[in-house]
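According to TrEMBL, the protein carries these features:
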DOMAIN    26-204  domain 'tRNA(Ile)-lysidine/2-thiocytidine synthase N-terminal'
BINDING   S30, G31, G32, S33, D34, S35  ATP binding site
Amino acid sequence: MGEPDFPSFAAVLERRLRPGAITPLAVGFSGGSDSLALLRLTLDWATPRGRPVLALTVDHGLNPASNAWTADALARARALGADARALHWIGDKPSTGLPAAARAARHALLAEAARAAGARVLLLGHTADDLAEAALMRAEGSTVSDPRDWAPSPAWPQGRGVFVLRPLLGVRRQALRAWLAARGETWLEDPANSDPRYARARARVALDGAAPPSPAKPEVAKPLAVEGEHALRLPRDASAAQVAAACLCAAGSSVPPRGDRLARLVERLRGGEAFVATLAGARIVADAAGALFGREAGREGLPDLVLAAGETAVWDGRYAVTATQLVTIRALGGLAARLPAEERLALKNFPAAFRPMLPVAVDAAGQASSPVLARDSAVRARVLIRERFEAACGFIDQEPAT
Ligand SMILES: Nc1ncnc2c1ncn2[C@@H]1O[C@H](COP(=O)(O)OP(=O)(O)OP(=O)(O)O)[C@@H](O)[C@H]1O
C-alpha cells in the first residue's frame, strides 16, 4: 500500500477504525479544499481495504448557486470513485444564529444519512487551522469548542450510534491545498468563509500566515463505575463532564447543562448531603450510595408518539421503539393500573421516582403494555441511555461493530 501521503491521517484511521470492517465510511464533502483532500485520502486508504466510501454533501440552500455546487460535488466524488448523495436543509431558516442552525441541521442530516447507509463513522475535514480558529473565536467571546478527533455525533437522536472522526486535525490547510494543487485539483471557495459578518471568517483572516497551531491533545477517558440502564448511577465524585453527560443522556435531550447550575450540582454531589435536584430535564437523586440520574417529567409531561406497524422511531431521546402494530408510545405515569399483572410486578424493580417516565405502548383498543417490562411485547424498545453515556464520556474509542 506504500507510504501514505499524510502519515498522521493514516495513523488516526488505523487507530479509530475497526480492523477488517467492510461497512461504508461516510465523508462530509462540501466541495471545499479540506473535505476534497479528506475524500481523496479516505479513498486512497479505504479502497485497498475493501471499504466503500460514501460522500455526503449538504445543500444548505443559503446561496443561489448552492444547487450547482452540490451537483458539482456529487459529480466530483463519483469521478474519484466514491458513492455520493446530496442532502437538503429544508424548512425555515432563522434570521439570527444562522451559522449555528446550519451546523445543527448539517450534523443531523449527515448523521442520519450515514446511519441509513450502515456507516458507524462519519469523517469530517477539520484541520489544524480550525483548531486555531476555534481558539481565536473563544478569545473573541464565542462559545465554540475545539473540534475533537473522535467524538459521538452531536446530533441527537439522528446521530445515535454514529461517531465523527476528524483525521486532519494535525495538518495545516495550506499543506492540503498544496497537495491538491500538485494533483491538478481545484475546489470550491464558499464566499461565507470570507464574509466578515461571521466570527469564523474573521478568525480565518486574523490567522492567515500565523505560526502552526499546536496539535490537539489526545483525550484520556477516566474510568468510572457507572450502573443502570434506564437511570444512571454514578459515584458522587464523577467529573463535571460526566455529570453533564449523565444529565443529557438520562433526560434524552440534546443540550447538555453547562455553567453555574452544573457547577453547583457537582459541588453538592462532592459535599455528600442527600438531596433531590433537577437539571436540564434530568432528576438527580443523591444519597450515600451515589447519584442516580433519571428523566424528570417536567411541567409539560412527556411526548406521545404514534407508530405504524413496522415503524421505528426514538421516543423522548431515550428509547428506540419498533412497533409491530399501530400503537401510541406514551409515558407510563397514570397508566400503571392498566398494565397486565406481570408487568405491574416487574415495575417494582424500578426506582419509584423514575417509573412514570418509562415508555408504555397503548394499542387501538386502549390496551397498555410497556416494552421495557413485558417479556413478549408487540413493541420492541432499545434503551439508548447507557450506550449514549459511554460514547459521550469517551469510553468507546474505536468504531463499534454494527
Ligand atoms: N455542506 C457540507 N456538506 C457536507 N459536509 C460538510 C459541509 N460543510 C462542512 N462539511 C464538513 O465539515 C467539515 C468542517 O467544515 P466547516 O469548518 O465549514 O464546518 P464547521 O461549522 O466549522 O464544523 P463544526 O461542525 O465542527 O462546527 C468539512 O471539512 C466537511 O467535512
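Positions of Cβ are set from backbone N, Cα and C atoms, glycine also.
Automated prediction, rather than curation, is the source of TrEMBL annotations.
Features as recorded by TrEMBL, highlighted on the structure.
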{"residue": "S30", "record": "ATP binding site", "contacts (Cβ under 8 Å, 6+ apart)": "T57, V58, A73, G125, L188, D190"}
{"residue": "G31", "record": "ATP binding site", "contacts (Cβ under 8 Å, 6+ apart)": "T57, W69, T70, D72, A73, R76, W187, L188"}
{"residue": "G32", "record": "ATP binding site", "contacts (Cβ under 8 Å, 6+ apart)": "G125, W187, L188, E189, D190, N193"}
{"residue": "S33", "record": "ATP binding site", "contacts (Cβ under 8 Å, 6+ apart)": "R173, L176, R177, L180, W187"}
{"residue": "D34", "record": "ATP binding site", "contacts (Cβ under 8 Å, 6+ apart)": "G125, H126, T127, L168, R173, L176"}
{"residue": "S35", "record": "ATP binding site", "contacts (Cβ under 8 Å, 6+ apart)": "V27, G28, F29, L124, G125"}
Residues sitting within 8 A of the centre of the S30, G31, G32, S33, D34, S35 CB atoms (ATP site), not counting those, run F29, L36, A37, L38, G125, W187, L188
Within the set S30, G31, S33, D34, S35, which binding-site residues show a CB-to-ligand 1 distance under 6 A? S30, D34, S35
